[in-house]
Amino acid sequence: METVDSTRAFVKNVKRLIVKVGTAVVTRADGRLALGRLGALCEQLQELNSQGYEVILVTSGAVGVGRQRLRYRKLLNSSFLDLQKPQTELDGKACAAVGQNGLMALYDSLFSQLDVTSAQLLVTDNDFRDPDFRRQLNDTVNSLLSLKVIPIFNENDAISTRRAPYEDSSGIFWDNDSLAALLALELKADLLVLLSDVDGLYSGPPRDPDSKLIYTYIKEIHERVITFGDKSRVGRGGMTAKVKAAMYAAYAGIPVVITSGFATDNIIKVLHGERIGTLFHCDANKWASIGETDAREMAVAARACSRRLQALSSQERSKILQDIADALEANEKAILAENEADVVAAQQAGYEKSLISRLALNPGKISSLANSVRVLSNMDEPLGHTLKRTEIADGFILEKSSSPLGVVLIIFESRPDALVQIASLAVRSGNGLMLKGGKEAKRSNAILHKVITSAIPVSVGERLIGLVTSREEIPELLKLDDVIDLVIPRGSNKLVSQIKASTKIPVLGHADGICHVYVDKSADMDMAKRITVDAKIDYPAACNAMETLLVHKDLAQNGGLNDLIVELQTKGVSLYGGPKASSLLMIPEARTFRHEYSSLACTVEVVEDVYAAIDHIHQHGSAHTDSIITEDQEVAEVFLRQVDSAAVFHNASTRFSDGFRFGLGAEVGISTGRIHARGPVGVEGLLTTKWLARGSGQIVDGDKSIVYSHKDLTQQG
């Protein structure tokens, strides 16, 4: 999910960048060159080079490559007796001399395949003591870059006079990380990217599940909490060296990002402003507030609060919902004022009318929302409901009971009223909740969240419902499959598809709302006109609005189709036809049947009969809601049984496919999936089950001492 992080906005001004790739990225575990990773690296640099970026590469790996080659050569020249003797470590300078040739030959070959010219520059720390060298270095690099050549730097370890330890008071640079930082200053780079074998800087060893990736390094916050693990299998300094080099460059005014070199497109993502890796920036200390509450901490807090909520009685949970309803009505003016500000901003930004329609809270909406919350508070208790009760054996009773899911993440667009519905359902079902609304409803969501959480008692905690305000946090949230139990995306096809592709957490929702109304030849035409008009114009932007009108072929001959068309056009509906309807009605042909207009427009097509209508729905629909209008009960039953959608209606508008209208009190969304919940999802869709066994000392012991009865006691319970 591509997005520009607010702290990465500086990338739009990047012209010259230095990319440093470490030995752990350049080589495989066996010491051989990692051809796949190097190929991906060169492809990224070629793409940037072609886009006008000035790209400089600093590479490690020569010593590692040389060591592997010399070990192989030594093995070939050793007798069996030689191999039994203790093996001495190969001289690093000799390894560097041998490996440099092979490493650069590979870079030259890869870049040549991409029509890019590269140049090798070997340097030592002593070189930088000479001002003339530094001036000449700048001249040479500037000349190469003007010719779109990619300079490749490496420390000339073969002739370096520096000895271990690599860092000392007299050194100018100590490894290729510090060389890259030094070059960034000398060559006036706009960005330094350090590629590692991990995703960035973690609060602890990356393999520790409690370690968290730090997206923006703030020295005052992170210096005292970070624990470094072992360095990589190769290379000199590991993450410690990278952090020191990054801080050196960042405090000199050059942003640095440490990220993984194992991914095939991380450099491109960095330059797109995506929130990957760890950013070091001279202004990072001003961004302490951007640290927000960590996504994991928010989810963990929501779970802790949900367990306290579950411990309350049914009456106490109902009282919370009643307090929320009262708070909504008491703050109606403030809510509507913030919503109006969102609507005005959306209009000025040029948003589509359908989005603005979903965004606006009309007069009376707050009262309606409050009433729906009260209805929910008066519904039967959903938790701890015994679904099945079985006597396993004498004195051994097993119950299947309803239980909360845990923590639910809802990502929704445009509609602030959805926040109220979702939050009230979470309270009723005993779940913790994480909410991420669209930026277009930022003010509305903030005030609604504040009003609702203020009504939650301290004994439960207002962190029961967390509001995520930054879009950049979504990728991090979607990684939390150990603390978030379900994701429900409510929005566009693109949003839902991206969410499903980006997480291991179960996802419940629908990608499209392509709803059909089929008017059969035996339909009551007055009823048909009322239903089709309502299904389209009652709320055109809703996911349960009609998007395709299917009409039996006989109605095209007896005037019924024309009556429907006139009725829709009179209401301002734009019509687009399928191949048959467009020629019959002289209307524009629809580009595709799989199109969700979300506005006063729909597709019309003529079909042979109910079976053709069913086939059309299965081929082009989204399994959301479909309706038939007919007086023929047999045809109606065929449609109801055979249409494989979450909701199938007879002689009713598709707009009834709604949690409130179904009597669910409210809904968190509509699911077109076939697992867990389907159709409008109310309280029951946020529940799972647990097994409760009450015994009297029973043991298995090979089933020798127990007599199973398996008696159903559900009705007796």
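Glycine residues also receive a Cβ, built from the backbone N, Cα and C atoms like all the rest.
DSSP assigns Asn176 (substrate binding site) to a helix in the three-state reduction. Sequence-distant neighbours of Asn176 (substrate binding site): residues of the same chain at least 6 apart with a C-beta under 8 Å from its C-beta are Lys20, Gly22, Val58, Thr59, Ser60, Asn154, Glu155. Residues or ranges marked as substrate binding site in Swiss-Prot: Ser60, Asp157, Asn176.
The 10 Å shell around the Cβ of Lys242 (ATP binding site) contains 29 further Cβ atoms across the protein chains shown. Annotated ATP binding site per Swiss-Prot: Ser196, Asp197, Arg236, Gly237, Gly238, Met239, Thr240, Ala241, Lys242, in sequence order.
Residues annotated as region 'Glutamate 5-kinase' in Swiss-Prot: 1-296. Residues belonging to the region 'Glutamate 5-kinase' (1-296) score a mean pLDDT of 82 in the model.
The feature region 'Gamma-glutamyl phosphate reductase' is assigned by Swiss-Prot to 297-717.
The Cβ of Asp157 (substrate binding site) has 23 other Cβ atoms within 10 Å, all protein chains considered. In this entry, Ser60, Asp157, Asn176 make up the residues listed for substrate, with the farthest two CA atoms of the set 10 Å from each other. DSSP assigns Gly238 (ATP binding site) to a helix. DSSP assigns Ser60 (substrate binding site) to coil in the three-state reduction, outside any helix or strand.
For Asp157 (substrate binding site) paired with Ser196 (ATP binding site), the C-alpha to C-alpha distance reads 21 Å. Secondary structure at Asp157 (substrate binding site), as computed by DSSP, is coil.
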